[in-house]
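Heads up, the thing below is written out as C-alpha coordinates.
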Amino acid sequence: MKLIQSLLLFLLYTIPFMFLMWTISNPKYIRYYVLAKTVNSITFIAAAIYCAYYGANIDILDSLLPALLLCLVGDIILGFYNAVCDKTVKGNELSYVETNTNFTAKAAIFILGLLSFAFGHGCFIYAFSKMQRLTWIDFVFPVVAIFITIGLTKLDGMNTGRFTVLIAAYSFMVAMLFSKGIHILLSQFNARNLLLSAGATLFLISDGFILFLYFYEKKAKAIHIINLATYYYGMFFIALSMLY
(Lines of atoms letter the chains of each structure in order from A and count residues from 1; the text may use other names and numbers.)
(Lines give C-alpha, C1' and ligand atoms only; values in the text may rest on other atoms or scores of the structure.)
Protein backbone atom coordinates (compact mmCIF):
# COMPACT_ATOMS: atom_id res chain seq x y z
CA MET A 1 0.00 0.00 0.00
CA LYS A 2 2.75 2.45 0.93
CA LEU A 3 4.61 1.64 -2.28
CA ILE A 4 1.52 2.51 -4.33
CA GLN A 5 1.09 5.72 -2.33
CA SER A 6 4.74 6.57 -2.95
CA LEU A 7 4.41 6.07 -6.70
CA LEU A 8 1.24 8.16 -6.87
CA LEU A 9 2.86 10.93 -4.85
CA PHE A 10 5.88 10.82 -7.16
CA LEU A 11 3.67 11.22 -10.22
CA LEU A 12 1.65 14.04 -8.65
CA TYR A 13 4.84 15.76 -7.51
CA THR A 14 6.23 15.62 -11.04
CA ILE A 15 3.35 17.67 -12.47
CA PRO A 16 4.37 21.03 -10.93
CA PHE A 17 8.02 20.20 -11.60
CA MET A 18 7.26 19.85 -15.31
CA PHE A 19 5.55 23.24 -15.11
CA LEU A 20 8.82 24.63 -13.73
CA MET A 21 10.78 23.01 -16.57
CA TRP A 22 8.38 24.65 -19.00
CA THR A 23 9.17 28.10 -17.59
CA ILE A 24 12.90 27.72 -18.27
CA SER A 25 12.49 26.11 -21.68
CA ASN A 26 11.78 29.45 -23.34
CA PRO A 27 12.72 32.98 -22.18
CA LYS A 28 9.21 34.27 -22.85
CA TYR A 29 7.88 32.04 -20.06
CA ILE A 30 10.31 33.41 -17.48
CA ARG A 31 7.56 35.56 -15.95
CA TYR A 32 6.10 32.36 -14.49
CA TYR A 33 9.42 31.19 -13.04
CA VAL A 34 8.98 32.50 -9.47
CA LEU A 35 5.39 31.24 -9.41
CA ALA A 36 6.52 27.80 -10.58
CA LYS A 37 9.23 27.58 -7.92
CA THR A 38 6.78 28.70 -5.24
CA VAL A 39 4.26 26.05 -6.31
CA ASN A 40 6.95 23.37 -6.23
CA SER A 41 8.07 24.44 -2.76
CA ILE A 42 4.50 24.39 -1.45
CA THR A 43 4.11 20.95 -3.02
CA PHE A 44 7.01 19.40 -1.11
CA ILE A 45 5.65 20.86 2.14
CA ALA A 46 2.20 19.47 1.32
CA ALA A 47 3.79 16.09 0.56
CA ALA A 48 5.62 16.19 3.89
CA ILE A 49 2.41 16.93 5.81
CA TYR A 50 0.55 14.17 3.97
CA CYS A 51 3.30 11.61 4.53
CA ALA A 52 3.74 12.53 8.19
CA TYR A 53 0.01 12.22 8.83
CA TYR A 54 -0.51 8.89 7.08
CA GLY A 55 2.82 7.56 8.28
CA ALA A 56 2.06 8.57 11.88
CA ASN A 57 5.27 10.61 12.04
CA ILE A 58 3.97 14.00 13.13
CA ASP A 59 6.84 14.23 15.64
CA ILE A 60 9.37 13.99 12.79
CA LEU A 61 7.42 16.59 10.82
CA ASP A 62 7.68 18.96 13.78
CA SER A 63 11.47 18.63 13.58
CA LEU A 64 11.71 18.96 9.80
CA LEU A 65 9.10 21.67 9.18
CA PRO A 66 11.35 24.67 10.08
CA ALA A 67 13.92 23.42 7.57
CA LEU A 68 11.27 22.92 4.89
CA LEU A 69 9.90 26.42 5.43
CA LEU A 70 13.35 28.02 5.30
CA CYS A 71 14.06 26.20 2.05
CA LEU A 72 10.77 27.51 0.68
CA VAL A 73 11.83 31.07 1.57
CA GLY A 74 15.30 30.60 0.08
CA ASP A 75 13.81 29.06 -3.04
CA ILE A 76 11.50 32.02 -3.61
CA ILE A 77 14.30 34.53 -3.02
CA LEU A 78 16.65 32.83 -5.49
CA GLY A 79 13.77 32.44 -7.93
CA PHE A 80 13.16 36.18 -7.65
CA TYR A 81 16.90 36.76 -8.11
CA ASN A 82 16.96 34.69 -11.31
CA ALA A 83 13.74 35.91 -12.88
CA VAL A 84 13.51 39.54 -11.79
CA CYS A 85 17.05 40.75 -11.14
CA ASP A 86 18.34 39.26 -14.38
CA LYS A 87 15.17 38.99 -16.47
CA THR A 88 16.53 35.73 -17.84
CA VAL A 89 17.87 32.55 -16.30
CA LYS A 90 20.83 32.61 -18.66
CA GLY A 91 22.20 35.79 -17.15
CA ASN A 92 22.19 34.83 -13.51
CA GLU A 93 25.93 34.69 -12.90
CA LEU A 94 27.42 37.34 -10.63
CA SER A 95 29.89 39.60 -12.39
CA TYR A 96 33.53 40.13 -11.41
CA VAL A 97 32.64 43.60 -10.11
CA GLU A 98 29.81 42.25 -7.94
CA THR A 99 31.92 39.52 -6.35
CA ASN A 100 35.06 41.57 -5.81
CA THR A 101 33.85 45.05 -4.80
CA ASN A 102 31.12 46.41 -2.54
CA PHE A 103 28.04 44.22 -2.62
CA THR A 104 25.24 45.40 -4.90
CA ALA A 105 21.52 44.97 -4.26
CA LYS A 106 21.59 42.07 -6.71
CA ALA A 107 24.36 40.35 -4.77
CA ALA A 108 22.57 41.04 -1.47
CA ILE A 109 19.46 39.24 -2.71
CA PHE A 110 21.59 36.24 -3.67
CA ILE A 111 23.25 36.21 -0.24
CA LEU A 112 19.86 36.40 1.49
CA GLY A 113 18.67 33.39 -0.49
CA LEU A 114 21.84 31.46 0.26
CA LEU A 115 21.59 32.24 3.98
CA SER A 116 17.98 31.04 4.04
CA PHE A 117 19.13 27.73 2.62
CA ALA A 118 22.08 27.60 5.02
CA PHE A 119 19.79 28.02 8.03
CA GLY A 120 17.46 25.47 6.47
CA HIS A 121 20.32 23.00 6.24
CA GLY A 122 21.17 23.76 9.85
CA CYS A 123 17.61 22.88 10.85
CA PHE A 124 17.79 19.68 8.80
CA ILE A 125 21.01 18.73 10.57
CA TYR A 126 19.38 19.40 13.94
CA ALA A 127 16.40 17.21 12.98
CA PHE A 128 18.73 14.44 11.78
CA SER A 129 20.76 14.69 15.00
CA LYS A 130 17.58 14.03 16.98
CA MET A 131 17.32 10.72 15.13
CA GLN A 132 20.98 9.96 15.82
CA ARG A 133 23.31 12.19 17.83
CA LEU A 134 26.23 13.87 16.10
CA THR A 135 29.62 12.21 16.47
CA TRP A 136 33.11 13.12 15.31
CA ILE A 137 32.77 10.93 12.23
CA ASP A 138 29.98 13.19 10.94
CA PHE A 139 32.47 16.07 10.71
CA VAL A 140 35.10 14.31 8.59
CA PHE A 141 33.53 14.76 5.16
CA PRO A 142 32.30 18.34 5.84
CA VAL A 143 35.88 19.41 6.63
CA VAL A 144 37.12 17.71 3.46
CA ALA A 145 34.29 19.39 1.52
CA ILE A 146 35.58 22.83 2.51
CA PHE A 147 38.95 22.12 0.88
CA ILE A 148 37.28 20.59 -2.19
CA THR A 149 35.09 23.68 -2.55
CA ILE A 150 38.02 26.07 -2.19
CA GLY A 151 39.83 24.04 -4.83
CA LEU A 152 36.88 24.38 -7.19
CA THR A 153 36.84 28.15 -6.70
CA LYS A 154 40.38 28.21 -8.15
CA LEU A 155 39.27 26.75 -11.47
CA ASP A 156 39.76 28.86 -14.58
CA GLY A 157 36.53 30.71 -15.29
CA MET A 158 35.30 30.47 -11.70
CA ASN A 159 34.59 33.90 -10.21
CA THR A 160 33.68 33.70 -6.50
CA GLY A 161 35.68 36.70 -5.25
CA ARG A 162 34.50 37.87 -1.83
CA PHE A 163 31.89 35.12 -1.76
CA THR A 164 34.54 32.41 -1.31
CA VAL A 165 34.35 32.29 2.49
CA LEU A 166 30.54 32.21 2.43
CA ILE A 167 30.56 29.45 -0.17
CA ALA A 168 33.07 27.39 1.83
CA ALA A 169 30.95 27.74 4.99
CA TYR A 170 27.85 26.77 3.05
CA SER A 171 29.59 23.70 1.65
CA PHE A 172 30.29 22.59 5.23
CA MET A 173 26.56 22.69 6.04
CA VAL A 174 25.60 20.82 2.89
CA ALA A 175 28.25 18.16 3.43
CA MET A 176 27.24 17.78 7.08
CA LEU A 177 23.65 17.05 6.06
CA PHE A 178 24.88 14.44 3.58
CA SER A 179 27.27 12.91 6.10
CA LYS A 180 24.60 12.65 8.80
CA GLY A 181 22.10 11.16 6.35
CA ILE A 182 24.53 8.44 5.29
CA HIS A 183 25.51 7.77 8.91
CA ILE A 184 21.85 7.29 9.87
CA LEU A 185 21.35 4.87 6.97
CA LEU A 186 24.44 2.82 7.82
CA SER A 187 23.43 2.56 11.46
CA GLN A 188 19.95 1.27 10.62
CA PHE A 189 18.99 0.29 7.08
CA ASN A 190 15.28 0.76 6.44
CA ALA A 191 13.01 2.51 3.95
CA ARG A 192 12.76 5.75 5.92
CA ASN A 193 16.50 6.13 6.39
CA LEU A 194 17.14 5.16 2.76
CA LEU A 195 14.84 7.97 1.60
CA LEU A 196 16.40 10.45 4.04
CA SER A 197 19.90 9.65 2.82
CA ALA A 198 18.76 9.79 -0.82
CA GLY A 199 17.32 13.24 -0.20
CA ALA A 200 20.51 14.42 1.51
CA THR A 201 22.60 13.03 -1.36
CA LEU A 202 20.52 14.85 -3.97
CA PHE A 203 20.89 18.02 -1.89
CA LEU A 204 24.66 17.64 -2.07
CA ILE A 205 24.57 17.22 -5.84
CA SER A 206 22.19 20.16 -6.28
CA ASP A 207 24.24 22.53 -4.14
CA GLY A 208 27.42 21.41 -5.88
CA PHE A 209 25.95 22.63 -9.15
CA ILE A 210 25.09 26.01 -7.59
CA LEU A 211 28.78 26.89 -7.74
CA PHE A 212 28.81 26.35 -11.50
CA LEU A 213 25.38 27.88 -12.01
CA TYR A 214 26.14 31.24 -10.41
CA PHE A 215 29.92 31.69 -10.46
CA TYR A 216 31.25 29.92 -13.56
CA GLU A 217 31.69 31.86 -16.79
CA LYS A 218 30.62 29.04 -19.07
CA LYS A 219 27.44 27.12 -18.34
CA ALA A 220 24.84 25.07 -20.14
CA LYS A 221 21.11 25.04 -19.48
CA ALA A 222 21.57 21.42 -18.38
CA ILE A 223 23.34 22.68 -15.24
CA HIS A 224 20.25 24.61 -14.20
CA ILE A 225 17.98 21.66 -14.95
CA ILE A 226 20.14 19.26 -12.93
CA ASN A 227 20.32 21.76 -10.07
CA LEU A 228 16.53 22.06 -9.93
CA ALA A 229 15.79 18.35 -10.43
CA THR A 230 18.17 17.16 -7.73
CA TYR A 231 16.94 19.83 -5.30
CA TYR A 232 13.20 19.27 -5.69
CA TYR A 233 13.41 15.50 -5.73
CA GLY A 234 15.80 15.61 -2.79
CA MET A 235 13.09 17.50 -0.90
CA PHE A 236 10.52 14.99 -2.12
CA PHE A 237 12.46 12.00 -0.80
CA ILE A 238 12.90 13.65 2.59
CA ALA A 239 9.16 14.34 2.69
CA LEU A 240 8.36 10.81 1.51
CA SER A 241 10.52 9.29 4.26
CA MET A 242 7.86 10.28 6.80
CA LEU A 243 5.38 7.89 5.17
CA TYR A 244 7.47 4.96 6.47
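Glycine too: its Cβ is placed from the backbone N, Cα and C atoms.
What TrEMBL says about a protein is an automatic prediction, not a curated fact.
Sequence-distant contacts of the transmembrane segment (7-24) (same chain, at least 6 residues past either end, Cβ-Cβ under 8 Å): 30, 32-33, 36-37, 39-40, 43-44, 47, 50-51, 89, 221, 224-225, 228-229, 232-233, 236, 240, 243. Annotated transmembrane segment per TrEMBL: 7-24 (among others), in sequence order.
Panel annotation: around the transmembrane segment (30-52), residues 9, 13, 16-17, 19-20, 22-24, 58, 60-61, 64-65, 68-69, 71-72, 75-76, 78-80, 82-84, 87-89, 232, 235-236, 238-243 of the same chain, lying at least six beyond its termini, place a Cβ under 8 Å from a Cβ of the stretch. Here TrEMBL flags 30-52 (among others) as transmembrane segment.
Under the heading transmembrane segment, TrEMBL lists 64-83 (among others).
Below 8 angstroms of C-beta separation, residues 60, 63-64, 66-71, 73-75, 77-78, 80-81, 85-86, 94, 134, 162-163, 166, 169-170, 173-174, 176-177, 180, 200, 203, 207, 214, 238 of the same chain, each at least six residues beyond the ends of the transmembrane segment (103-127), sit close to that stretch. Annotation comment: TrEMBL describes 103-127 (among others) as transmembrane segment.
Residues or ranges marked as transmembrane segment in TrEMBL: 134-153 (among others).
The feature transmembrane segment is assigned by TrEMBL to 165-186 (among others).
Sequence annotations record features per position, and here TrEMBL assigns transmembrane segment to 193-216 (among others). With a cut-off of 8 Å between Cβ atoms, the residues of this chain six or more beyond the transmembrane segment (193-216) that come close are 92-94, 99, 110, 117, 121, 124, 128, 149, 152-153, 155, 157-160, 163, 167, 170-171, 174-175, 177-178, 180-182, 184-185, 223-224, 226-228, 230-231, 233-238, 240-241, 244.
Counting only same-chain residues 6+ beyond the ends of the transmembrane segment (222-243), those with a CB under 8 A from a CB of the stretch are 2, 5-6, 9-10, 13, 17, 20-21, 24, 40, 44-45, 47-48, 51-52, 54-55, 57, 60-61, 64, 68, 71, 89, 124, 191-193, 195-196, 198-203, 205-207, 209-210, 212-213. Sequence annotations record features per position, and here TrEMBL assigns transmembrane segment to 222-243 (among others).
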